[in-house]
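Trainee: Shown below is the structure under consideration.
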Amino acid sequence: MVMGKHGAAALLAAVLAASALVGLAAAGNFYEECDATWEPQNCWAYDDGNRLSLALVSNSSGSMIRSKKQFLYGTVSTMIQLVPGDSAGTVTTYYTSSLGDNHDEIDYEFLGNVTGQPYTIHTNVYADGVGNKEMQFKPWFDPTADYHNYTISWAPCLIVWYIDGVPIRAFRNYEASHGVAFPTSQPMYAYSSIWAAEDWATQGGRVKADWSKAPFVASYHGIDLDVCECYGGGCVAGCAAAFGGSGRYCSLSGAQVGKMQWVQGNYRIYDYCADPKRWINGQKPVECDLPQY
């Protein structure tokens, strides 16, 4: 999409305005919605459960929370203020995942960096244990200076990743028509975690964590789970009906598409569809040439 200087400036203003409107939209209570499932001593809630911190204290001791609800389709949101300063070698996450080896998963991973260098916002989607659909972005804001809203919208027809209400990526369901695997039948939980990934997270693993600066702390404000609660069995069909069809979950407005194209055109730094080294047998994944929104 070709855009003049004034058009680009106007779209940036619209993106920032949309971000401002999100505010503190994710305002659920962590005590009520989540359990600490890994290293609970490094996780603490405060402000009556409305705020949460996760700490990485060593290369083997981070922390994780998981939603109490298991669900099939819906929208999950939280506000995150990422680790400030030198966060090299750390990964903060917000994602949904089912259980088991052949799991489904929809990812946000925030790869730390040295002071003054931007985070990498990493997204991916798995179906039946297979991912390899990475798309990465650099932020157009400082994710360590304040809280920002990160949302995953999962429907039978479409997955959308949002930041502050702005869609940054969409992945449409082409399983029936083109054989592209899509998560449709395994209920998931929502997770957040912080952990060490020195071998790959920062500049391909060239920069390691400075453990003298530990603990590395990510802060959260509120969690909102607008989901179809499901633990398998008969609820699968009911949840699909509730979130399927041609309703609001299956398409983006023209304004949303424009904002997403602006983000991808200016801040996307990696796309598996543009990386022939990742393609199987040299074949471009079929979904790469299909419309995603």
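Counting starts with 1 at the first residue shown.
Each Cβ is built from the backbone N, Cα and C atoms, and glycine gets one as well.
Bear in mind that TrEMBL entries carry predicted annotations, made automatically and left uncurated.
Below are the features I grabbed from TrEMBL:
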- Glu105: active site, nucleophile (ACT_SITE)
- Glu109: active site, proton donor (ACT_SITE)
- 24-220: domain 'GH16' (DOMAIN)
- Asn113: N-linked glycosylation site (CARBOHYD)
- 1-27: signal peptide (SIGNAL)
Trainee: Taking the Cβ of Glu109 (active site, proton donor) as the centre, count every other Cβ atom within 10 Å, in any protein chain shown.
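Mentor: Other Cβ atoms found within 10 Å: 21.
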Trainee: What is the interatomic distance between the Cα atoms of Glu105 (active site, nucleophile) and the residue listed as 'N-linked glycosylation site', given in whole Å?
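Mentor: Cα of Glu105 (active site, nucleophile) to Cα of the residue listed as 'N-linked glycosylation site' measures 25 Å after rounding.
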Trainee: Below 8 Å Cβ to Cβ and six or more residues apart, same chain only. Which residues does that give for Asn113 (N-linked glycosylation site)?
Mentor: Ser87, Ala88, Tyr119, Thr120, Thr202, Gln203, Val207
Trainee: Limited to the domain 'GH16' (24-220), I'd like the whole-number average of pLDDT.
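Mentor: Averaged over the domain 'GH16' (24-220), the predicted model reaches a pLDDT of 95.
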Trainee: If you draw a 10 Å sphere on the Cβ of Glu105 (active site, nucleophile), how many other Cβ atoms land inside?
Mentor: 18
